[in-house]
Amino acid sequence: MTNQNLNKDKAIVVFSGGQDSTTCLFYAKKHFKDVELVTFNYGQRHDAEIEVATRIAKEQNLKHHILDMSLLSQLTPNALTQHDMDIETGEDGIPNTFVPARNLLFLSFAGALAYQRNAKHIITGVCETDFSGYPDCRDSFIKSMNVTLSLSMDKDFVIHTPLMWLDKAQTWELSDELGVLDYIRHNTLTCYNGVIGDGCGECPACQLRQRGLQHYLEAKGAN
């Protein structure tokens, strides 16, 4: 397998403007000389996500690619793209915010972009510890996707998942170690209802984020 055209110092970050992907952004800036961002517009529940991602990219002076993935909303009804659908968890334990094949498609397009931009590294904020029932956030899926992308383009890509084995408290700890905890707390969008920063406090994403922050700050204060 040839990788002679890939820049080992260049990374593409799958970026939504949320806590996890913004932590990955700063992780990438620490570990790679050349960082670019890719955001997918798939008709997500809150349009503000694209605006937040664009603003953060500009503030960090990073090249930002926005790709149209609106076809995702046509595949299956889900609470991330259907604004009138209440967020619920099914009998199988998978919440209706799950978008089938989302990460499969996102990583495929991120890989195609990395190929065009000569980037060896792809960074995504998926996490198995707090994977919320999403099967495409599992480590086994990411490893298989890494092999598939490399074989499909005859390039030796490396998919990085710095948050894979971290819970939310540990993700906050990582952002603190990177010196950006306050920035991420006040400028990112995790809330399913589109409230920037600490969010609405009611949706599952906000509750998970706030619980993790509280646990981290309590542990930090005890040390």
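Quick reminder: no glycine exception, Cβ is built from N, Cα and C everywhere.
Per Swiss-Prot, these features apply:
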BINDING   PHE15, SER16, GLY17, GLY18, GLN19, ASP20, SER21, THR22, THR23, CYS24, LEU25  ATP binding site
BINDING   CYS191, CYS200, CYS203, CYS206  Zn(2+) binding site
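Sequence features, as recorded in Swiss-Prot, placed on the structure.
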| residue | record | Cβ contacts under 8 Å, 6 or more apart |
| --- | --- | --- |
| PHE15 | ATP binding site | SER21, THR22, CYS24, LEU25, LEU37, VAL38, THR39, ALA53, ILE56, ALA57, HIS64 |
| GLY17 | ATP binding site | THR39, GLU49, ILE50, GLU51, VAL52, ALA53, THR54, ARG55, ILE56, THR188, LEU189 |
| GLN19 | ATP binding site | THR171, SER175, ILE184, THR188, THR190, ARG209 |
| THR23 | ATP binding site | GLY125, PRO162, LEU163, THR171, LEU174, SER175, LEU178, VAL180, ILE184 |
| CYS200 | Zn(2+) binding site | CYS191, TYR192, ASN193, CYS206 |
Output field, Zn(2+) shell: CB within 8 Å of site CB centroid, site CYS191, CYS200, CYS203, CYS206 dropped: THR190, TYR192, ASN193, VAL195, GLY199, GLY201, GLU202, ALA205, GLN207
Cβ neighbour count within 10 Å of CYS191 (Zn(2+) binding site): 23
Cβ packing number for LEU25 (ATP binding site), 10 Å threshold: 28
For the ATP site built from PHE15, SER16, GLY17, GLY18, GLN19, ASP20, SER21, THR22, THR23, CYS24, LEU25, further residues of that chain with CB within 8 A of the site's CB center: VAL13, GLY125, ILE184, THR188
Number of Cβ atoms other than its own within 10 Å, given for SER21 (ATP binding site): 23
